[in-house]
Amino acid sequence: MAGGQRQQRLNKSCILLIAIAGIERFAFKGVASNLVTYLTDVVKLSNSSAAKMVNSWVGFTSIMPLLVAPIADAYCHKYSTIMVSSFLYFVGLVALTTTALARSWHHRNRTMSSSFLSLSLYLISLGQGGYNPSLQAFGADQLGEEEELPCSKDDKSYNKKTLFFQWWYFGVCSGSLLGVTVMSYIQDTFGWVLGFAIPAISMIMSILIFSGGSPIYLYKQHEVLEAKKPLMNIFQTIKASALRCFHCEITLPNDNSEVLELELQEKPLCPENLESLKDLNNDSESGMYLLKNVKVMVRLLPIWTMLLMFAVIFQQPATFFTKQGMTMKRNIGADFKIPPATLQSSITLSIILLMPLYDKIFIPITQVITRQDKGISVLQRMGIGMVLSIIAMVIAALVETRRLEIGRQMRNAGLHSETVPLSIFWLLPQYILLGISDIFTVVGMQEFFYGEVPRTMRTMGIALYTSVFGVGSFVSALLITLVEVYTSSKGIPSWFSDDMVEARLDSYYWLLAWLSAASLLLYALLCKYYLKKSDSDSEY
């Protein structure tokens, strides 16, 4: 029993990397959570333009790992990738701080300041593209070479991987909580220069801590070339197949032969190339291995696609939920006003508080019901989170309907204040439900995509998980554009009007709820198909 307990502990390097991931989230959330307020109040963008800019930036940030990960897997050590990308990350944060400082000094040259703002934001995206998937994959590598996924559900390493991803997400959420609460207050109270400078300082601290932990890290040796560079080997396999075809000739039978069939003989055209052709069989085996890898990636795509609406819903707290909160009663006492972005901390706070209950209460109950060691599968875990996210959007729509009713009553009574006498805490249920859905779906996504890809493409697996939120952000921006086109063609007020009494965010939330319900239905059908396929193709 004692030995089993030791098996379930994370080593020092894992704990250190989880802490570093928390610091990075503090820096990122310190910028991203309140960025829509900066864009509307300081840069003076409209609500829809600010939301689309934030969605596009978050989308680009989240999809960058999918572009950087293949290069990192093929050509770079994870350690080197983390160091280089974290430096770019830091430079982007410094540039962002500089733009806020320049805007506070020179209000006239807004075009140049806005261009530099975009450049600094996308420099952060570029740095994070290599940083996040490499850091998480590097952290999972600390568990040891022998603990590979996928493995049987009874395997202790399976539970240890699950433990790692849960604590990783716990660390990420802790950093996010501090970033949202502390930085939102500092930005609203002390200004944006200090509000952007602190994330930059925290990022350079994380770089120093990471480099200081170098002696205790576990570094994996490069695999053989065929396994280490999967994308390059796809081209090498095609080349090898073409060579094999080129070095085959069809020999016709002799007239004196009594054999009437064609004989296929493999003969090298050039004898001097005999040595170079000895590896063709190895190339063929590598090609079969890579073909299996490609099949695995293709099989993941339908599940990946159905998770996009979940990602769209998760763009709302940083955009329209925050704008909602700005029009509601935020006073605590006579002087203190709650920064609207601070409510995003309820998501991470609910995760931190309820995550332990997942293992201690929820899993034992499901183990009794399903009679499985893990209680529920990873796919079922993600599906439960998707259901909770839909419920959160239904609640958000109902609360917004009530806010609009009060706002219109005030307008009819001759009061033109945008702030309605409805407490901002009415938004808490939708935030908390999204936090609970995070425990199920986001942690499940990390484990699912990391475990279902080939061993040599683990960074790509983490990138697939983050890219869901990247593409989901672009889908969110696209939906906003389509809704604006629809409302303008019908001659009705925009759902995203700057006048929050005229806006129809409730209709938008209902639209997201219906689209998510349709996505969940397709997801349930795909899960049945996926399970059958994975059972017959589990070795790769």
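Yeah, the Cβs are placed from backbone N, Cα and C, and that goes for glycine too.
Predicted automatically and left uncurated, TrEMBL annotations should be read as such.
Note that the coordinates shown come from a computational prediction; the quantities given were computed from them, not determined experimentally.
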Review point. Given 54-75, 230-251, which one carries TrEMBL's transmembrane segment label?
Key: 54-75
Point to revise | Paired segments the transmembrane segment (378-399) and the transmembrane segment (192-219) in contact, 3+ CB pairs under 8 A | key: no
Practice item. Return yes if the transmembrane segment (296-318) and the transmembrane segment (167-186) have at least 3 CB pairs under 8 Å (sequence gap of 6 or more), otherwise no. Key: no
Practice item. Give the one range among 167-186, 338-358, 507-526 whose Cβ atoms make the most pairs under 8 Å with those of the transmembrane segment (431-450). Key: 338-358
Revision key, fill the gap. Best-packed against the transmembrane segment (462-487), counting Cβ pairs under 8 Å over 167-186, 192-219, 338-358, 507-526, is stretch 507-526
Review point. Between 167-186, 338-358, 507-526, who has the most Cβ pairs under 8 Å to the transmembrane segment (192-219)?
Key: 167-186
Review point. So which residues does the transmembrane segment (507-526) touch in its own chain, when a touch means Cβ under 8 Å and the partner is 6 or more beyond its ends?
Key: 302-303, 306-310, 312-313, 316, 320, 382-383, 386-387, 389-390, 393-394, 396-397, 400, 479, 483, 495-496
